[in-house]
Amino acid sequence: MQLRNNYNQPNYDPLLLWIILILSGVGLVMVYSASVDVAALKQISNYQNYYYLLRHFIYLIISVFCGFIAFLIPISFWQKFAPSFFILGLILLIAVLIPGIGKIVNGSQRWIPLGFMNFQPSEIVKLFTIIYAADYVLRKSRQIGTFTKGFLPISLAIAIVGTLLINQPDFGALVVVVCISLGILFLGGISLKIILGLTLSVPIGVYALLKIAPYRMDRITGFLAPFEDLYGKGWQLSHSLIAIGRGDFFGVGLGESIQKLQYLPEAHTDFVLAILSEELGLFGFTLIICLYILMIIRIFGISKISTQLRKNFSALLAQGIAIWFGIQATINIGVNVGFFPTKGLTLPFVSYGGSALLVTFIASGILMRIDYENKIKSKRN
């Protein structure tokens with residue numbers, strides 16, 4: 001009877017799939033609600049208030065299709081070509097900095113125009129970094145605990161990525177890439193002494209970044225006391241906090257936000273959670289957080305099964321994606337509520353953004369494939 005039940009189970013994770021679909025559905029609704037006013041006032045949208053909704057819906061369809069294609073690809077393919085993917089990521093990061101190829105928006109050169117969308121290489125680099133780091137840990141399994149032969153080579157590779165990201169500049173992506181890399185290395189068996197040394201060097205790195213780009217200090221001072229410079233450095237955060245405060249427990253009602261009416265910049269991208277909190281209240285805010293927590297727990301559950309089945313690359317790959325989704329969601333939520341300075345990171349599956357949505361769905365397809373291969377192997381055993 002147990003064997004029959006095992007064979008009747010779907011060869012994918014239904015809970016994880018439903019979480020992704022719910023978050024994406026919420027994102028579609030909130031992108032429309034948060035972007036109505038800004039779309040109606042922009043010439044590029046032909047003054048149509050559904051402009052961003054239509055584009056986000058198209059991005060979502062493309063992303064779901066690409067995620068399905070990723071699901072069809074064996075995990076062994078990603079491991080086999082891991083170094084090639086990492087090199088491709090470096091090429092894209094270099095290309096976006098070349099005049100005439102990269103597009104400058106709001107002072108940052110992060111996008112490559114593709115006609116139907118502006119592609120952001122830093123998004124795909126996050127996934128390529130996970131794939132490369134997972135493969136590296138396994139290839140260097142006997143040396144990963146050493147500094148010279150284990151940690152140093154991959155740290156130099158990540159340093160190159162970091163340098164290219166700083167030159168865009170994209171500090172938010174840099175933070176995510178570093179956290180992903182350290183997380184996978186730690187789970188792969190890197191020495192705790194190295195981790196401690198890196199932790200102690202963080203203040204030096206932060207100081208250097210502040211010296212390179214003084215505008216980041218303005219973000220920090222604005223984040224520490226947003227209402228002291230309400231019409232300057234604290235404008236964005238103060239209106240995010242006002243939006244969250246207005247929402248109270250159950251919100252002012254879907255579509256009834258005031259802060260999206262030209263008060264809160266980037267309301268449909270980095271600060272869509274603030275608008276969601278204003279319209280759906282603490283209830284909606286808490287529900288979103290619970291969905292992310294449940295997602296991360298489920299992904300680590302998939303990773304645990306991979307470990308038990310001795311599919312170590314799959315395990316590290318799933319753990320890396322969990323760290324990525326968890327870190328990025330945490331930073332975005334923290335920025336919206338004033339725990340962190342503004343980073344320019346989207347909320348996975350919810351915020352408007354073609355590149356981010358596309359890559360997160362590809363990563364989700366890979367997760368589904370990992371779970372599929374786990375279940376196939378379990379049935380054979």
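For all residues, glycine too, the Cβ spot is worked out from N, Cα and C.
Automated prediction, rather than curation, is the source of TrEMBL annotations.
Keep in mind the model is a prediction, meaning the values are calculated, not measured.
As annotated by TrEMBL, transmembrane segment applies to 15-36, 57-78, 84-102, 146-165, 171-187, 194-213, 280-301, 313-337, 349-370.
Counting Cβ pairs under 8 Å that are 6 or more residues apart, the transmembrane segment (57-78) and the transmembrane segment (146-165) reach fewer than 3 and are not in contact.
With a threshold of 8 Å between CB atoms, the same-chain residues lying at least 6 positions outside the transmembrane segment (84-102) that come near it are 78, 109-112, 121-122, 124-125, 128-129, 131-132, 157, 160-161, 164-165, 167-168. Among 15-36, 146-165, 280-301, 146-165 has the largest number of CB pairs under 8 A with the transmembrane segment (171-187).
Counting Cβ pairs under 8 Å to the transmembrane segment (349-370), the stretch among 15-36, 146-165, 280-301 with the most such contacts is 15-36.
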